[in-house]
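**Student:** Pasting the relevant annotations from TrEMBL:
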{"type": "COMPBIAS", "residues": "1-20", "note": "compositional bias 'Polar residues'"}
{"type": "REGION", "residues": "1-33", "note": "region 'Disordered'"}
{"type": "DOMAIN", "residues": "91-174", "note": "domain 'LIM zinc-binding'"}
{"type": "DOMAIN", "residues": "175-232", "note": "domain 'LIM zinc-binding'"}
{"type": "DOMAIN", "residues": "233-292", "note": "domain 'LIM zinc-binding'"}
{"type": "DOMAIN", "residues": "293-350", "note": "domain 'LIM zinc-binding'"}
Amino acid sequence: GPSLGVDTTASPPCAMSSTPVPVPKPLLPSAPHTEAARQLDELLADLGHTQSKLAAAGQGAGVPAESSLDNMLDSLTRDLQELGITAAPAGVCAACRKPIAGKVSPSLAPLGITPGCPHSPPASSSQVLTALGKTWHPEHFTCARCGQELDKGPFFEQGGQAFCEEDYHQAFSPRCAYCTGPIREKVLTALEQTWHPEHFFCAQCGKVFGDEGFLERNGKPYCHQDFLAMFAPKCQACERPVIDNYLSALQGVWHAECFVCTECLTGFTGGSFFELEGRPYCELHFHQRQGTICHGCGRPVTGRCITAAGRRYHPEHFTCTYCLRRLHKGTFHESGDKMYCQPCHDKLFL
C-alpha cells in the first residue's frame, strides 16, 4: 500500500543558547568609571525603563509623562556631559525607535518545536534585550499577533516577526486533515495531506496503521483487512475476498480451488464444465440433474436417445433384460422396471 511519510522538520529549529551582546562603546571619550558614574548610569536606565512603561500604559495627565521624562533625561545627560561623563545608550528600541539606557541582556533566539524544546530564555532584570538581530525595550518585544510580552517566555520567528507559541502554531503550523487542529510536533504526510500521527487511522475500524501500511479508496485510508472485506471482489463459492490466482466464469470470480462441481466437489480436469442455474457441474451430475442419464448404462445421454416408460436410453442400451437383444419401440413389454422383448416376456410371465 502507499507508504507513510513522517515529516519532523515542518517547524523552526530548536532554540540554542546565545551569548550576551556587549554594550556598545561610547561614541565620545568618557571619564574613568567611578561609583558616581555607575550610579548615574543606573539612574538613567531606571528613568528610561519608567518612561517606556508609562508610554505603553498611556498614563499621565496635564503635561504627558513621556514628555516630562524625556526632558528630565535630556537635562541629566547635559549635566553629565558638562561634568565630562558620557552616558552611552545601549541601543535603539526596534519598536518605539527611542534610545535604550542600561545594560544589554542576553540575546533571545526563536524557539523550535522539536520534541524537548523549547527552552525558556534566562530571566533578566536588564532594561534592554536583543532578539531577531535587534534591540528592544523588554515591554516592547511582543507577539506580532496578540501583543503578549515575550521577554520572559519562549517565542517563534516567522518573516522577521516574533510570535508567542500559540499564535505561531495557529497561524503557520500545518493542519491535521482529521481534526483540523495545528500540528505542533511530528507531522505525518499521506494522501497529499498532513496529519497528527495518532489521527491517521483506518476509516472503517479506527486502528492506527502498522508496518503493513494502508490502502486508499475515494480519498480515505483503510487497513488491508477492511479494504479487502469492503472493496475486493468476492468468490462466488466461499464469498471470501479474491486477491490473486482467481478464475472468471459464470459472470463472477472464483478462487481456483473453489471452482469445482457443485455436486461432487471435483475439479474440472478436462478443461470444461456444465452450467445449470448459475452453478458449475461436471458432465455426470449435470445430466443427473437434467434427467438425461441412460437407464441402461448409467452414463449421460448426449446423442440419439430412446425414451421409454419415462426413462432414457442410449439406443444400443435399450435391450431385452433376458436375451439382451435390442428392442424396438412398440415391440417390448415392461415388468418390474425392466424391459423385455415379446417372446421373452411371454416365456417368463405367461
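Quick reminder: no glycine exception, Cβ is built from N, Cα and C everywhere.
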**Student:** Please list, for the domain 'LIM zinc-binding' (175-232), how many residues fall into helix, strand and coil according to DSSP.
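**Tutor:** Once the DSSP states are binned, the domain 'LIM zinc-binding' (175-232) shows 11 helix, 17 strand, 30 coil.
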**Student:** Which residue counts does DSSP yield for the domain 'LIM zinc-binding' (293-350) in the helix, strand and coil classes, in that order?
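**Tutor:** Helix, strand, coil within the domain 'LIM zinc-binding' (293-350): 11 helix, 19 strand, 28 coil.
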**Student:** I'd like to know the mean pLDDT over the domain 'LIM zinc-binding' (233-292).
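**Tutor:** It averages 85.
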**Student:** Do you know the DSSP helix, strand and coil residue counts for the domain 'LIM zinc-binding' (233-292)?
**Tutor:** 11 helix, 19 strand, 30 coil
